[in-house]
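Here the structure is laid out as structure tokens; the discussion comes afterwards.
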Amino acid sequence: MTIGNLAPKKEKKSRKSKGVIDENAPLLPKGQEDVVFDEFNGASFTGAVFNLSTTIVGAGIMALPATMKVLGLVLGISMIIFMAFLTEASIELILRFSRAGKSASYGGLMGEAFGKYGKVLLQISVLVNNLGVLIVYMIIIGDVLSGTSSSGVHHAGVLEGWFGEHWWTGRAIILLVTTLGIFAPLSCFKRIDSLSFTSALSVALAVVFLVITVGITVVKLFNGSIAMPRLLPDVTDVSSFFKLFTVVPVLVTAYICHYNVHSIHNELEDSTQIRGVVQTSLALCSSVYIMTSLFGFLLFGDGTLDDVLANFDTNLGIPYSSVLNDAVRVSYAAHLMLVFPIVFFPLRLNLDGLLFPSARPLVLDNMRFALVTVGLISVIFLGANFIPSIWDAFQFTGATAAVCLGFIFPAAITLKDRHNIATKKDKILSVFMIVLAVFSNVVAIYSDAYALFKNSSRRE
């Protein structure tokens, strides 16, 4: 995968020699370009890779093994690789047009191409996507640590399994402690580079989950308890054919990181390194995705659930099964806790830009920074506690917003081509991305709605 030299030649100097870093123009260009931070000399290549990788690898990793159940191993792994290339192409378009228009943010780029309403549409899409994602993250953390009940059956959480059922192992208390002790402190950083260490740790925790899954699969392969998985999709009629397209929003969501690319690019010590940052991050995440999908599907086969984490709630049929189940669930919960602030960063900037478009930079106004941060965390906390069925809404709103951010907006900017720099190949690619995104999303939403309607009819 390659990305061209996206930064202007004059930016090849180290930012140490400039003494200026534009840290506040990640998504919304509103005058932050003039902010000076002499004590910050720019983000390192490694830190940028971990931050972008953490943006990519969120809860989507747990849904990927289920895509193998729909597509089969060969087509499924091929689609993961294909979507990585397509994601890189869309990021390349964003950065190339940003350079041409001197836009320091995704919102600024949309505003340049489509005016005020284009920027507002981008802001709303990021709000819908990131708010939905963070509420789902908190719900999953609550389910893993405190437990959950569905269809009258209670599935004990890790803490309930260890210490029994107490008031302090309840969902609300666990999420309150997690919010005050982890989410709030990590969300108070004003530079995304400040989260590079926690991002590295979150990637390591995702690798821990992968290593445990691979280990369990290898043990079961040796004892002959794993059947041969399907290599190709099982297409028997028109309905099963259209079902293949329902995995596209899942794959797009798994790679969505476009809303943080400008933030990371703007803070790089050497901004020409964005090419290597994107390449390395996508290669790392694609490897993790392929391994997780392969071994997750090998382990559970056609019994793979939509969220593979739920498969680790049963006896795995090997020694120390309960210990391994707990290790998988705890490492994943910890991973989501550390992903939270990376996704929260652009959410806060976009909400502030939407509410206070003419105000001075957010990082220079401590009161506004605190109020927006506390308000958003409170909404997420309340949503996770009182709207446990948000997952269904997330399938509709989150996936749709992610497809817009990842494909439709970059393609629309390219087709608009205000600077006459788009090639014929760029425009063909853009049309393909829009058609794929719209068609697959319509099919996915129809399939989900039909499934919900069918299930409700059965209950009646």
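Including glycine, each Cβ sits where the backbone N, Cα and C put it.
Marked as domain 'Amino acid transporter transmembrane' by TrEMBL: 43-447.
Residues 80, 133, 136-137, 140, 192-193, 195-196, 198-200, 202-203, 206, 209, 250-251, 253-257, 259-261, 264, 267-268, 270, 273-274, 276-278, 280-282, 284-285, 288-289, 292-293, 296, 306-309, 332, 335-336, 338-339, 342-343 of the same chain lie 6 or more positions beyond the ends of the transmembrane segment (45-64) yet place their CB under 8 Å from a CB of it. The feature transmembrane segment is assigned by TrEMBL to 45-64 (among others).
Below 8 angstroms of C-beta separation, residues 1, 3-4, 6, 64, 106, 109, 229-234, 243-244, 246-247, 251-252, 254-255, 257-258, 261, 265, 274, 278-279, 282-283, 285-286, 289-290, 293-294, 297, 406-407, 410-411, 413-414, 426, 429-430, 433 of the same chain, each at least six residues beyond the ends of the transmembrane segment (70-95), sit close to that stretch. For 70-95 (among others), the entry in TrEMBL reads transmembrane segment.
TrEMBL lists 120-141 (among others) with the feature transmembrane segment.
The transmembrane segment feature in TrEMBL is assigned to 168-189 (among others). Residues 138, 141-142, 145-147, 157, 159-160, 195, 198, 337-338, 340-341, 344, 348, 373, 377, 381, 384-385 of the same chain lie 6+ residues outside the transmembrane segment (168-189) yet bring a C-beta within less than 8 angstroms of a C-beta in it.
What TrEMBL records for 201-222 (among others) is transmembrane segment.
Under the heading transmembrane segment, TrEMBL lists 242-261 (among others).
What TrEMBL lists as transmembrane segment is 282-301 (among others).
Residues or ranges marked as transmembrane segment in TrEMBL: 330-349 (among others).
Long-range neighbours of the transmembrane segment (369-387) within the same chain, counting only residues 6 or more positions beyond its ends whose Cβ lies under 8 Å from a Cβ of the stretch, are 131, 134-135, 138-139, 142, 171-172, 175-176, 179, 183-184, 187-188, 190, 344, 347-348, 351-352, 355, 362-363, 393. Taken from TrEMBL, the feature transmembrane segment covers 369-387 (among others).
The annotation transmembrane segment is assigned in TrEMBL to 393-415 (among others).
What TrEMBL lists as transmembrane segment is 427-447 (among others). Remote same-chain residues near the transmembrane segment (427-447) are listed as 86, 89-90, 93, 242-243, 245-246, 248-249, 252, 396, 399-400, 403-404, 406-408, 410-412, 414-415, 417 (criterion: CB distance under 8 Å, separation of at least six residues from the stretch ends).
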Among the ranges 242-261, 282-301, 330-349, the one whose Cβ pairs under 8 Å to the transmembrane segment (201-222) are most numerous: 282-301
Outside the transmembrane segment (282-301), six or more residues from its ends: residues with CB under 8 Å to it: 1, 49, 53, 56-57, 61, 64-65, 67-69, 73, 76-77, 80-81, 84, 87-88, 203, 206-207, 209-210, 213-214, 216-217, 220-221, 226-227, 229, 254-255, 308, 311
